[in-house]
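*Asks:* Shown below is the structure under consideration.
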Amino acid sequence: MVMGKHGAALLALVLASALVGLAAGGNFYEECDATWEPQNCWAYDDGNRLSLALVSNSSGSMIRSKKQFVYGTVSTMIQLVPGDSAGTVTTYYTSSLGDNHDEIDYEFLGNVTGQPYTIHTNVYADGVGNKEMQFKPWFDPTADYHNYTISWAPCMIVWYIDGVPIRAFRNYEASHGVAFPTSQPMYAYSSIWAAEDWATQGGRVKADWSKAPFVASYHGIDLDVCECYDGGCAAGCAAAFGGGSSGRYCSLSGAQVGKMQWVQSNYRIYDYCADPKRWINGQKPVECDLAQY
């Protein structure tokens, strides 16, 4: 593993605020459907484990939760493609349907053997993203399973790895006009697919198809969410998950903030807030100067 002196403490940290009392638990048989290339997806261990395979540049696989929801946490353990994973992308994300969709992303961009994955995060609201933040892992994500969690509440979104918050995105829509996903029901997804034109070193390194199939493995899934199948239930879900600006879903503890700052200081490799080439009309996005936790 590649860890600094605080690595053991980071990996030992657990989520301080587990979301309970709504729809939760279950295995892949119960919670998910294979929605793309199901022949490349197989569950085993009574549905508690699952593998997704990429076998060619046009044949990967995808699963989608059976539930739609507004707010909650989605969590799974993933062991990423080992060895030479250049040109591959493994994803874990939530998304609504339609052109003006909302989405909260984890994308894991493969690399050549011995080089680290890139952990890519983003958030879309009403079809607009451009809020990328990327990290290199402080561990080997191919040697064992690691927990990846997306927590979506009315006040903020938090991305966690092994219980460590790596990024937060606070809701400033009402106060500053920053778009935030609030009402479109989402599904949870995971997939593996080929992205040779951009995934590894800007597309310079392609997939070595002699190494196929490329397989990502999963262990357990937890959807602790407020089920919602149309926008009319969004208000009730907001109340269930703390619609105000305070409460258990709306803040991180001091210890969590410290861990997140440690990760961002040592392992963040890209931040849209620090990339003027991406700013519209040369203006830094307003949320970049606002507290996110």
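The backbone N, Cα and C atoms fix where each Cβ goes, glycine too.
What TrEMBL shows for this protein is this:
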SIGNAL    1-25  signal peptide
DOMAIN    22-218  domain 'GH16'
ACT_SITE  Glu103  active site, nucleophile
ACT_SITE  Glu107  active site, proton donor
CARBOHYD  Asn111  N-linked glycosylation site
*Asks:* Including all protein chains displayed, how many Cβ atoms other than that of Glu107 (active site, proton donor) lie within 10 Å of its Cβ?
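*Replies:* 20, counting other Cβ atoms within 10 Å of Glu107 (active site, proton donor).
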*Asks:* Which residues does Glu103 (active site, nucleophile) neighbour through Cβ under 8 Å, counting only same-chain ones at least six apart?
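*Replies:* Sequence-distant Cβ neighbours: Tyr93, Thr94, Ser95, Ser96, Asn122, Val123, Tyr124, Gly129, Pro181, Met186.
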*Asks:* Using a Cβ cut-off under 8 Å and a sequence separation of 6 or more, which residues in the same chain sit near Asn111 (N-linked glycosylation site)?
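*Replies:* Residues satisfying the criterion: Ser85, Ala86, Tyr117, Thr118, Thr200, Gln201, Val205.
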*Asks:* Suppose you look only at the domain 'GH16' (22-218); what would the mean pLDDT be?
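*Replies:* Overall, the domain 'GH16' (22-218) comes to a mean pLDDT of 94.
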